[in-house]
Amino acid sequence: MPGTIVSFASINIDDVYSVPHIVRPGETISSGGVRQSAGGKGTNASVAAARAGGRVRVVGKVGADGAWVRDVIAGAGADVDQVAVVDGAATGRAIIQVDPRGENAILLLPGANHALGADDARRALAGCGPGDWLLLTNETTGVAAAISLARGRGMRVLWNPAPVGPGVVAAVRPEGLVDVLVVNEGELVALAQQLDGVDLLPEAGADRHVGIGRQVAGRLGCRVVVVTLGSAGSVGLVRRRLGGGDGVAIRMECAPVRPDQVRDTTAAGDTWVGYFAAELARLQGGSPDEGEIAPAAVERAMRVATYASGIAVTRAGAVPSIPARAEVDAFLGTSSLGAV
């Protein structure tokens, strides 16, 4: 039976503005419309993991203005008993611009997300152990404490260190605290620049990402590193034993989505992370298996996540764009969005 996925989550209210192009410095432009929805990288990934069929427990904080976001997360099937409403605090907020091609730019206000800490992690992880997973990003405080507490309980840790700010690697020291690292291309480079001795030009093309990922995995002690590359798909590296060999490289093409079908990429990466986490937890089962993560399980999880993300980019909004598992299975089975 798959273990519980504890999501140490950023929870936001998203204000999404449709714009003719992303605003430039010193420029004032008019928006063609605005909509509000639940968001935040943690919210999006939690909802995705729950809709993928994962058993998800969310820990987070909102202000009174964001209590409705907790209800949205619960509606996806996640346990929100550890999502607290903080008196006098504002819910995290994202101001998002989306252009006609679906590209976006985001301004974040952390709000109550920066009230999370070790005590919250300790309560949320009570009763967890080997076979359970901690899923987290880098939008909240308390990340280092949550990772350390999870490892102390024998849990697996899947970390998407976004946004990659200065000193982010301090959260995962000493090495070996993170089992699975998921980053996009920019995050991979930003993370590598904070690690000593990483060659940023080891190979050309997609092999470059594998080469950098291999070095990052070695320095952080990760078992798996996955790099998402947008329309170029994704690459993964699975190390069967810590310190053993170069590992198994996996390359995944993007889902068959035409450029004219893309509406909004805001939640694409978070949808990918949530579906990947849920599928990997399902395939690995509830057994810790001495820390090994099977390459076949990683490849399957990458494929499922890729198709889920492919559906998400064809829809507007963050949480509203995240597909149900049945939709993803239909897309996987036919490679046609017409079946979704």
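Glycine residues also receive a Cβ, built from the backbone N, Cα and C atoms like all the rest.
What TrEMBL records for the ATP site is T228, L229, G230, S231, A232, G233, G269, D270, and among N138, N184 the residue it adds there is N184. In TrEMBL, the substrate site is described by N12, I13, D14, G40, K41, G42, T43, N44, D270, and among E139, E175 the residue recorded at this site is E139. Here the candidates are the binding-site residues N12, D14, T43, and by Cα distance the one nearest G317 (K(+) binding site) turns out to be D14. Nearest by CA distance to D270 (active site, proton acceptor), out of the binding-site residues K41, E139, S231, G233, D264, is K41.
For the pair formed by G233 (ATP binding site) and T266 (K(+) binding site), distance between Cα atoms is given as 17 Å, rounded to the nearest Å.
G317 (K(+) binding site) falls within neither a helix nor a strand when secondary structure is assigned with DSSP, and so counts as coil. Cα of D264 (K(+) binding site) to Cα of D14 (substrate binding site): a distance of 13 Å.
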